[in-house]
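Noted in TrEMBL for the protein shown:
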type: BINDING; residues: B:Asp75, B:Asp77, B:Asp79; note: Mg(2+) binding site
type: BINDING; residues: B:Cys76, B:Cys92, B:Cys99; note: Zn(2+) binding site
type: DOMAIN; residues: B:28-101; note: domain 'Phosphoribosyl-AMP cyclohydrolase'
2 protein chains.
Amino acid sequence: MNIDDLRFDDRGLITCVVQQHDTGEVLMVAWMSRESVRLTLETGTTWFWSRSRQELWNKGATSGNMQRVIELRADCDADTLLALVDSPGPACHTGNRTCFFNALEAE
Amino acid sequence: MNIDDLRFDDRGLITCVVQQHDTGEVLMVAWMSRESVRLTLETGTTWFWSRSRQELWNKGATSGNMQRVIELRADCDADTLLALVDSPGPACHTGNRTCFFNALEAE
């Protein structure tokens, strides 16, 4: 499967789940454009599309917490990606290892 | 954090990543509406919103491959969910254990 098989949404974006390859931790979920998928495959580091800033974003380029991509996978209907990465530092902008640190409680 | 803290998108939906709680396998990604989040918390099994069928969907209710929810987490900006589940059977409609069985190759 390659980039031409992917189904981007009407904004030209696809959801990407980022997982630490060895521990299995789900670190974050972000959006990729076609160009960010291409850059991720080409550079071996994660590139996303920031909807708020409307720009490409090489994760960790400023903080130093880059994510090295071990494998990029697509799901069965090719509209979601899973990036298996090695992320030595925190993935969350809060400084947490993962963005998923809040348990949801019943009301 | 509870359901009122979640940020649903303009369609009233939120992305949910489903992960096997002990092995760390990412099984699937699907959409939840407010009502499906509520049912997931209430019943302890995963409920999603099917965009194609425009209806609530209790995963595995027909196949018997229900997903028992161990914990539901929200990410740092409360617009994505992570469901830690026990899913004894295949999660993918293709019969695969996980929907993410396609590696993406560079062009």
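The chain as shown is numbered from 1 upward.
Heads up, the Cβ atoms here are built off N, Cα and C, so glycines get one too.
Bear in mind that TrEMBL entries carry predicted annotations, made automatically and left uncurated.
Structural mapping of features recorded in TrEMBL.
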residue: B:Asp75; record: Mg(2+) binding site; DSSP (3 states): coil
residue: B:Cys92; record: Zn(2+) binding site; DSSP (3 states): coil
residue: B:Cys99; record: Zn(2+) binding site; DSSP (3 states): coil
* C-alpha of B:Asp75 (Mg(2+) binding site) to C-alpha of B:Cys92 (Zn(2+) binding site): distance in Å? -> 24
* At the Cα level, what's the spacing in Å between B:Cys92 (Zn(2+) binding site) and B:Asp77 (Mg(2+) binding site), rounded? -> 28
* Asked: Would you say which of the binding-site residues B:Cys76, B:Cys92, B:Cys99 has the most Cβ atoms within 10 Å of its own Cβ?
  -> B:Cys99
* State the Cα to Cα distance, in Å, between B:Asp79 (Mg(2+) binding site) and B:Cys99 (Zn(2+) binding site), rounded to an integer. => 22
* Asked: What same-chain residues, at least 6 away in sequence, bring their CB to under 8 Å of the CB of B:Asp77 (Mg(2+) binding site)?
  -> B:Arg7
* Structure fact -> Smallest number of other CB atoms within 10 Å: among the binding-site residues B:Asp75, B:Asp79, that is B:Asp79
